């Protein structure tokens with residue numbers, strides 16, 4: 001009991017830890033919901049090249065996760081810890097590269113390379129922030145209950161971060177009208193019509209400039225929040241080396257550790273299940289703005305619909321935390337993720353109606369909350385199970401977290417690139433006021449049919465996940481016994497040494 005009291009975290013510590021997860025979600029949500037439509041309709045990048053930017057950026061983002069995990073495992077401990085210096089030094093460069101993503105350069109050639117370079121640079125730098133932050137879960141306390149509680153705080157703040165990202169980006173950008181272009185085949189060739197067209201083009205240019213400025217203002221506000229959250233994390237959380245290490249542990253090399261981690265059955269089954277779940281929600285996230293704008297016809301409402309999803313998710317995170325504590329994490333997975341299916345189907349089958357769309361958005365947010373909370377709540381259980389099976393191996397927390405993120409990001413990059421490319425094949429018209437029927441059909445498939453299929457596949461994989469509540473309680477007790485045995489052995493050695501002296 002005394003040991004548990006020492007491991008307890010204060011509410012202030014949990015809040016400071018939770019705030020550190022906001023920057024990744026704020027920027028990730030802004031990029032996920034708005035980058036595709038920004039590249040196509042504001043920066044006016046061809047759909048084919050936009051698909052290359054989105055695909056390459058996401059895949060590079062995935063590759064950097066295990067790279068950063070490798071370098072973290074080789075990082076020596078400092079007086080600030082092993083993880084905190086990564087967070088500290090990556091923050092200012094990440095903010096600069098993020099701002100430049102939303103800047104339209106005044107160059108006729110090389111625009112694609114501009115976005116590709118700065119998108120990849122930002123993904124690398126934000127990975128240097130998020131991978132050590134994710135692994136920090138294992139270094140704030142040894143108590144499962146405290147880690148689960150801190151994770152619930154973190155997920156609440158992270159979903160709140162998605163709300164902020166959606167609200168800041170959507171509301172600032174939504175204040176200006178992005179001009180669209182009608183069908184050029186119907187332009188008249190008379191002099192008066194040409195003059196009117198020149199006037200309309202001048203107005204469109206001014207409107208487009210206002211839209212680009214709005215995107216940069218939003219990027220500046222989000223960058224300021226990034227700095228504030230990073231400072232709160234650095235000043236309010238202490239990285240505890242002893243929280244994750246047994247005194248009898250001996251270090252193992254990164255590649256040996258990687259082999260051990262990838263051979264751990266519960267880890268593979270867990271990431272396989274969440275791989276398809278995250279893929280489903282990534283497809284929905286990446287294409288929902290286009291779906292609302294063109295298929296549903298809510299060009300001036302899509303940012304508010306996105307905000308409704310994120311607000312609903314934020315408010316239901318505490319409910320899901322209570323549910324998994326009361327009924328278990330596996331059951332929470334089945335109930336939480338399955339609840340999204342009828343609403344994903346309804347938004348496509350029902351007639352375009354703003355009220356119904358808002359109702360579907362609120363209901364879908366409940367499922368988004370479960371998808372946010374559960375992976376990060378279940379990963380520490382897998383790490384504990386690994387420690388029991390490999391008690392002589394330590395320092396692999398970053399591998400567990402970074403490779404989970406790697407697999408989800410890699411598949412998300414592939415899916416987002418393919419979805420944008422499929423829009424190009426369907427005949428997507430950049431800055432068009434309307435789109436062909438093939439584009440509408442493609443968008444319906446990307447936000448409904450494909451995500452539903454991926455969710456059903458993930459539920460089948462979760463059946464194979466072996467760590468239920470009984471197994472989790474046994475692992476907790478076994479780890480406590482192992483630590484007590486290690487501590488008592490160390491104390492007896494010290495007593496014997498003192499008597500000899």
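Positions of Cβ are set from backbone N, Cα and C atoms, glycine also.
Heads up, TrEMBL stuff is auto-annotated, nobody curated it.
Quick look at what TrEMBL lists:
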type: TRANSMEM; residues: 15-35; note: transmembrane segment
type: TRANSMEM; residues: 83-104; note: transmembrane segment
type: TRANSMEM; residues: 116-140; note: transmembrane segment
type: TRANSMEM; residues: 214-237; note: transmembrane segment
type: TRANSMEM; residues: 270-296; note: transmembrane segment
type: TRANSMEM; residues: 302-320; note: transmembrane segment
type: TRANSMEM; residues: 332-350; note: transmembrane segment
type: TRANSMEM; residues: 356-377; note: transmembrane segment
type: TRANSMEM; residues: 398-421; note: transmembrane segment
type: TRANSMEM; residues: 441-465; note: transmembrane segment
type: REGION; residues: 476-501; note: region 'Disordered'
type: COMPBIAS; residues: 476-486; note: compositional bias 'Basic and acidic residues'
If contact means at least 3 Cβ pairs within less than 8 Å, sequence distance 6 or more, would you call the transmembrane segment (270-296) and the transmembrane segment (441-465) in contact?
yes
Mind pulling out the one from 15-35, 302-320, 398-421 with the most Cβ pairs under 8 angstroms to the transmembrane segment (214-237)?
15-35
For the transmembrane segment (398-421), name the stretch out of 15-35, 116-140, 302-320, 356-377, 441-465 with the most CB-CB pairs under 8 Å.
116-140
Taking 3+ C-beta pairs under 8 angstroms (sequence gap of 6 or more) as contact, is the transmembrane segment (15-35) in contact with the transmembrane segment (116-140)?
yes
Who are the long-range neighbours of the transmembrane segment (83-104) in its own chain, taking Cβ under 8 Å and residues 6 or more past its ends?
20, 23, 27, 31, 35, 38, 42-43, 68, 72, 75, 111, 114-115, 118-119, 121-122, 125-126, 128-129, 131-133, 135-136, 139, 212, 215-216, 218-220, 222-223, 226-227, 230, 233-234, 239
Could you tell me whether the transmembrane segment (116-140) and the transmembrane segment (302-320) have 3+ CB pairs under 8 A, leaving out pairs under 6 positions apart?
no
In the compositional bias 'Basic and acidic residues' (476-486), how many residues does DSSP assign to helix, to strand and to coil?
11 helix, 0 strand, 0 coil
